[in-house]
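Here the structure is laid out as structure tokens; the discussion comes afterwards.
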């Protein structure tokens, strides 16, 4: 044991010396490097020079697909296509008119328009029409390449809107102006005839997506607005997310229509069934000259004329009476008021009795009543009067003269007509925006009117589709930036060439091999010494069999040899037991007795040996044995 301890101490001393030796040489090398670096520098230069921090490589950003803007080009048949990428308003006409029926100061259509990029654009180079002013009237319009006639081809209108700063109250809809020889875009106002109005509108918490068309009465020649039903989709997000959205209207010759946002249907129906008011008037109407007869009885129930009030009916009996069975609670303070003047209240210094009257302290609950059931004059509580019946009324019975609810008779509608093709509207020749807005920086782009669904899809993909891809890529990038950096696998920056660096360092400093060898060998030697050379201590020692007055020297070697012999004997006995496992109970009992005798004799011999060994090694034990 002492030899192991000495060996461990020696190894630890060697390791410590090697470490100190390595540290000293490392400091010498560092000082030498510093001297070499500072050689030839003046004292001022040495003072001014600051240690340079190692530049950490910037974390690699996730690769994001690059989206390059390219102006959409119309493909297929179309009537209007405008992307504003020329950077001008060529082909557009600003209204110079004034709005009727409002104050002169705000009657002008003097809202400012600009062609520019979005504030937070994801596609540099993409420009659009921007409404710049607040609380102004706007009117701008442009002619179609040729008028659109509603015959056998569908009408598709689509454009993009981005509420860059949100929207408080205002519209972003478009109007398809009716073809007319009197149409003057320079005088475009709210009353200029239009055929279709379509697009978003919002004020307060009312989010709308208009689809209105003006229908001409074939009998009277008058026009009436027909409004599509309100979409069931929640439109709030389209107005608040500050993203570019694509609004599309599709009108088909079979009178069906679809309203889409971002190429998703949010409303659909039929011009004959889903517009308010209805396109076709009713075939019959109520006769305006028909009047209800004076003797017409509309009462389904009447009071029984033969009913008589009972003689014992008392109409004067009160609804509530005092409870005669009530008893005043014990401890009731009749002489104490429920409220008293506040004793701590002080009359204000500026109180004028001539002006304000006699001052009285404010009333507070009487403290004496807090522990009592009540204060003041006690009165019996009121209960429902069992004799109360109230005002007598005759019971109701069916009216024998009831004739039902009167309605005027129906007559043929003199204004009736049946238009089974409301799709055939007034032709349109211009597109215009006539708006009022309390919000600025509304961005419009990529207006397109066509009768070809494929052409509309291509235009949408090349315009709005590109914006959507750019916005999606920006969202991916932003989410990647906001994510926490991944944790390093090592507490310090990991160096994949650590082993090669250690070898190269040892080539320059050969004494490092001693450090490496000791660093590796020391733990191995310690493990071998403590784990491989020791022997398990099982069973009692000789000193435990013989009680002595002082601790005795080890008899470990002989005892361990005897123990090994006993283990071999036990193994043989175990094998014999396995072989005899199938013997009879009597034979097994006999064998167990013989084995017990053998075990007892072996233990006696072991005790005698241990006694002899103890007596041989311990003089004191010998003397004690002789004495015994």
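Cβ coordinates come from backbone N, Cα and C, glycine included.
Here TrEMBL flags 46-56 (among others) as compositional bias 'Acidic residues'.
Sequence-distant contacts of the compositional bias 'Basic and acidic residues' (289-328) (same chain, at least 6 residues past either end, Cβ-Cβ under 8 Å): 378-385, 387-399, 401-406, 408-409. Annotation comment: TrEMBL describes 289-328 (among others) as compositional bias 'Basic and acidic residues'.
Residues annotated as compositional bias 'Acidic residues' in TrEMBL: 332-341 (among others). Long-range contacts of the compositional bias 'Acidic residues' (332-341) within its own chain (CB-CB distance under 8 A, at least 6 residues past either end) are made by residues 360-366, 368-369, 372-378.
Using a Cβ-Cβ cut-off under 8 Å and counting only residues 6 or more beyond its ends in the same chain, the compositional bias 'Acidic residues' (350-359) has no close neighbours at all. What TrEMBL lists as compositional bias 'Acidic residues' is 350-359 (among others).
Per TrEMBL, compositional bias 'Basic and acidic residues' is recorded for 538-556 (among others).
Among the features that TrEMBL reports, compositional bias 'Acidic residues' is placed at 557-574 (among others).
Under the heading compositional bias 'Acidic residues', TrEMBL lists 592-605 (among others).
Residues annotated as compositional bias 'Basic and acidic residues' in TrEMBL: 606-616 (among others).
What TrEMBL records for 617-628 is compositional bias 'Basic residues'.
Positions annotated as disulfide bond by TrEMBL: 169-203. The Cβ of residue 169 (disulfide bond) lies under 8 Å from the Cβ of 202, 203, 204, 437, 438, 439, each of these being in the same chain and 6 or more residues away along the sequence.
Marked as region 'Disordered' by TrEMBL: 46-69 (among others).
Sequence annotations record features per position, and here TrEMBL assigns region 'Disordered' to 272-380 (among others).
Per TrEMBL, region 'Disordered' is recorded for 538-628 (among others).
TrEMBL lists 1-24 with the feature signal peptide.
Residues or ranges marked as transmembrane segment by TrEMBL: 511-532.
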For the compositional bias 'Basic and acidic residues' (289-328), residues assigned helix / strand / coil by DSSP: 0 helix, 6 strand, 34 coil
CB contacts for residue 203 (disulfide bond) [other CB atoms within 10 A, all chains]: 15
